[in-house]
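As written in TrEMBL, here are the features:
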type     : residues : note
TRANSMEM : 35-50    : transmembrane segment
TRANSMEM : 62-83    : transmembrane segment
TRANSMEM : 89-107   : transmembrane segment
TRANSMEM : 112-132  : transmembrane segment
TRANSMEM : 144-166  : transmembrane segment
TRANSMEM : 304-323  : transmembrane segment
TRANSMEM : 343-365  : transmembrane segment
TRANSMEM : 372-391  : transmembrane segment
TRANSMEM : 397-419  : transmembrane segment
TRANSMEM : 426-448  : transmembrane segment
TRANSMEM : 475-499  : transmembrane segment
Amino acid sequence: MLKDFIYKNQNNILQCFRIFLAVNIVLYISVCLDLYKPMWAVIGAVFLQLRPEAGFVIEKALCLIIATLTGAIIGSAIVVYFIPYPLLAILSLMFFLIICSVILTGINHSNFIYGLALGNITAILVVFYSVSDQNITATGVFNIASARVTEIGLGCITACLISFLIKPQSVKNIYKKHSNQVFLATIKHLNTLTNIHTADEFSINTSTKEIIETTVALHNDSSANIYETLNDKNHYILFSNSALAMLKLIKDYSKYKDKNISEDHFIYYSDLLNSHLKTISLGTNIKDKIKDLKISLKDYSQPIIIRNIYLALIKFLIAYTNLDANKKNLKGISLPKIKNYHNPAIICTATIRTISIFIICTLLWMLSKGNAGLLVALIIMLVLSQLFAGIPKSTILVRNVLVGVFISAPIAIIIKLFLMPQVLGFVELFLVLFSLSLSIGVICLTITKFQMHGFGYCLGIIFIIQPDNHMNFDIINSISICIGLLIGGCVFYAIYNLLPNSPNILTQKLAIKALYNDLKKVGKTINTKDQFTATVAKKVLCVYKYELPNNDMSKNYVDEMHGILNKANKYLKR
């Protein structure tokens, strides 16, 4: 029974081992080098391993190091220019956060978002530590900034080495996972639609959204391919593009079905197509199914829309089989990348949330005369706000993270005040005790359902304990950090409840306007379907994501979007 459990969860167990190993190595080196705040190295080592594939770890590490350097330079520049004027320094920092929020909201790339969010924190730390010290000099500012860069760099290097040396995992596994999700979602979508008793239009649009989301994720993750020198990235992108090409046919079929639902001729061929789709899955012999579909394609008496579905389905299945065959080297082929889309409504909402949290927590920090707990709360809440910036309906994620933070608080206080003093001077015991305190959160990080709880728990443990050579075991200081987290968490949750996401109708309207602008470029700067698809994919996804059920105006915007896409397809060549 134990063997079965280990076999089924071997990837999770391996990920936990990597995280604990990274934490211990980072803390040991930090203690030996007597670094100022080793917790930043620990944060880098832990959270770089959230996606343990080697390519992702390197990509996140590079993003984090570059963003940290940028944050350190900007933070230092702000302080040096405004040393006598702390209010101007904080206002300049707020302006920098607004710029970062605008960039973050349109990226939709988890690795880049992570790096930028933590990079901002470096600027915040440099400014706030400097503002709280009236005797700060340019040298002192430089020391604070360089300490952050050193600590983050140590965490990143450790995480990268471990991901490559301890049974490395390839990003190719993620590409396969995304491709399987696209495959299953597309077949399921077609299977549901070709059934006479199909779901309503909102359910159809939801399925379409899931396919586009997975395709966008595959395109985003393909950027990590370069760090593992893989040659088959383009095979996966071509496959996902073939799924996007099918979505137009699926929509055309849906309209045709609504008009011909009572015709026996259509029902017969629709049922025949449905019977084929029911036999297609990941476990079936795809090549045999392609032969069967080609036989059905020879029946010229069936409706043209169903023939087109057969043709597209055959191309789709061939593209899927080529993922494993990999006969052609497509490395030299330049495929259009899906372009980012910055929706003004989403940007404004995310920026207002982030800046509101920043202003409220900063005011509380100033009123408390530089309370360390409120500064910790400010940092954690700003990191979370930026990570969740472009996610609609993120209130549940926020709640789960805060639950993890609040659970960690009493555990961290007990460990810090009663157990940590007992192991001072014994580095090995110190490392074991800190690893045990993190264990619940680390295990949760490897379980998708509880990942956000684990994320919050680990943040709470790290920020409250703050392991280093000169730990403060003052009970008042520890409790003030917990109170700061409680206050900051309440502010964070309240703001996200007041502004859970940008206005749906306005967001859709702005996305439609952007699609009209892209339509004007057809035949000028956009000349192929692939170029058009790469340009509009995230705008189309935005319209679907913010669609409201049982709302006529929202539905009209979806229909208007389909009209724009149909017009573009008429003018474009393959």
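Any Cβ shown, glycine's included, is placed from N, Cα and C.
Bear in mind that TrEMBL entries carry predicted annotations, made automatically and left uncurated.
Sequence-distant contacts of the transmembrane segment (89-107), counting only residues of its own chain at least 6 positions beyond either end whose CB sits under 8 Å from a CB of the stretch, comprise 74-75, 78-79, 81-83, 113, 116-117, 120, 123-124, 127, 130-131, 340-343, 346-347, 350-351, 354-355, 358-359, 362, 382, 386, 389-390. Outside the transmembrane segment (62-83) by six or more residues, the chain places 44, 48, 89, 92-93, 96, 111-112, 114-116, 118-127, 130-131, 136, 138, 141-142, 145-146, 148-149, 152-153, 156 with a CB less than 8 A from a CB of the stretch. Tertiary proximity for the transmembrane segment (35-50) is limited to same-chain residues at least six positions away from its ends with a CB under 8 Å from its CB atoms, namely 15, 18-19, 22-23, 25-27, 29, 57, 60-61, 64, 114, 118, 147-148, 150-152, 154-156, 158-160, 162-163, 438, 442, 445, 451, 455, 458-459, 462-463, 465-468. Outside the transmembrane segment (397-419) by six or more residues, the chain places 380, 384, 388, 391, 433, 437, 440-441, 444, 452-461, 464-465, 471, 473, 475, 478-479, 482, 485-486, 489, 492-493, 496 with a CB less than 8 A from a CB of the stretch.
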